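Record features, source TrEMBL:
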TRANSMEM  A:6-29  transmembrane segment
TRANSMEM  A:50-70  transmembrane segment
TRANSMEM  A:90-110  transmembrane segment
TRANSMEM  A:131-150  transmembrane segment
TRANSMEM  A:177-203  transmembrane segment
TRANSMEM  A:215-238  transmembrane segment
TRANSMEM  A:244-262  transmembrane segment
Amino acid sequence: MFNFAFMRYAFAAGTAVAILCGVIGVFVVARRLPFMTHTLSEIGFSGAAFGAWIGWTPLQGMMVFTVLSALAADQLGISEQSSNHASDSVISAVSAFFMGLGVLFLSLSSQNASYATSILFGSIVGITQQNVWQILTIAIIVLGILALIYRKLKFDSFDSTGAETEHVSRHWMTLTFLIMVALSVSVAAQIVGALLIFVLLTLPSSAAQPFCRSVGGLIGLSIVLALIGTWGGLYLGYLTNWPVTFFIATIETVFYLLSLAYRKLNESA
Amino acid sequence: MSDQPLIQVEHLAMAFGTRKLFTDLSFTLKQGDFFCLLGANGTGKTTIIKLLLQQLHPTAGTISFNERLKSAADIGYVPQFRNLSGDYPLSIKNFISLKLCNSFTPWLSQREKQAVTKALQQTGLTAKQNQRLGTSSGGEKQRAYLAQAILNQPQLLILDEPTASLDQDAKYEVLETVQHLNQVSGMTIIFISHDWPLVKKFGQHFLELRAGSYISGSTTELQLKKEDENV
């Protein structure tokens, strides 16, 4: 399997993305931002389509659109942890508009349907060596920033009231985190596609919740589950020629359902 | 210095626009006191706390702090509401440690671990430190919030209605822990509450805000005054 360069690239990129999403996902879930994250990925689709129109790579287009959207969301105050119907409606409208915009850009760029499919559902085996380096660089930058603000981000994400009381600044923290999420979404979409961002950014960290009692534990297990899904998906995709994204999504969903069952069993015990 | 009050409030007034919350409010908080702040909703209890925490500036009057309250770490504060759901994953110990965020290392230093151990002991949570906070009882949760607030061993501990949503047993469990911190660890307490029996049992002095005025004194006087009102 590793005799093929495209499989080596796919494993390298998949590993970097799984580790990045495993870590960031823990904070996305703690800050109750999965829906917001999904919206960012749909905006990312529109960015990739825009890139196709003006000659950028999908990753460049996605990064520009998602980072700008993260800044806008911060300004509009829809990134707060307390979700409500009003902010959900705003997010739904933004999401719908950008998906429509994405279709327009694709039409203007006269790309074929398979290009749209690869943006929406991922194309890990089409990853090039240059893509691998880009993904690795972004993953290292995001994880480096996280290492610098780890304790403060942990406090703000897992006890926002306490962090506010202790004057652990929340605005720059929220803004920095949203940019980190935007970058993570952009690279994760290269693997699982813009429509299935939940697969790596939310499911592994949600599945880890009932088994861990520390942030370090949650991050560790979330990375392991994301890696098993990504490696398992690549291997099964290689064996069967079926889409890798299907296998990754299935494996992560099974992990999540098992975790739900464990939680229910514990509650009834 | 120990005879000096911890906080001296003189002729304090606070207004938001044209709405006056209180005027000419004066009181003294002595070291080691268990001071209870009473009053109906909207009379300005939380505003006084925000003034003491220097999050607001008074319209008039002065607040003088003893040298013992020279930094923010000398005041511990337990806010009224905390939005933690039943599936909150962290253990009590890991929740308490979240406050230790002024370091770049992802793991706790020996000194930080000792601070957590001491706070767990002071709040009687040592045996429950690995229990999930989300599935802990209301009393255990409030004691965990207390433990987080006292990690730096503050001189002054401010509690904003910590017993509001608790049953009777849990209220006593929390207040006995606070009393222990007051009597054994020497922390001065400001306790905001609506619960008169708890104030009478555990408090030493009180200040009751009323619309446009206030009364203050020792809690034994409070008992007499309330009994007089009931006659």
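Cβ atoms here come from the backbone N, Cα and C positions, even for glycine.
Unlike curated entries, TrEMBL annotations are predicted automatically.
Keep in mind it's a predicted model, so treat the numbers as computed, not measured.
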- Query: Taking the transmembrane segment (A:6-29) as the reference, which of A:50-70, A:177-203, A:215-238 gives the largest number of Cβ pairs under 8 angstroms?
  - Reply: A:215-238
- Task: State the non-local partners of the transmembrane segment (A:131-150) in its own chain: residues 6+ outside its ends, Cβ under 8 Å from one of its Cβ atoms.
- Result: 9, 12-13, 16-17, 19-20, 23-24, 59, 63, 173, 176, 180, 183-184, 186-187, 190
- Query: Same chain, outside the transmembrane segment (A:50-70) by at least 6, Cβ under 8 Å from its Cβ: which residues?
  - Reply: 39-41, 43-44, 79, 94, 98, 101-102, 105-106, 108-109, 111, 115, 118-119, 131, 134-135, 138, 175, 178-179, 181-183, 185-187, 189-190, 194
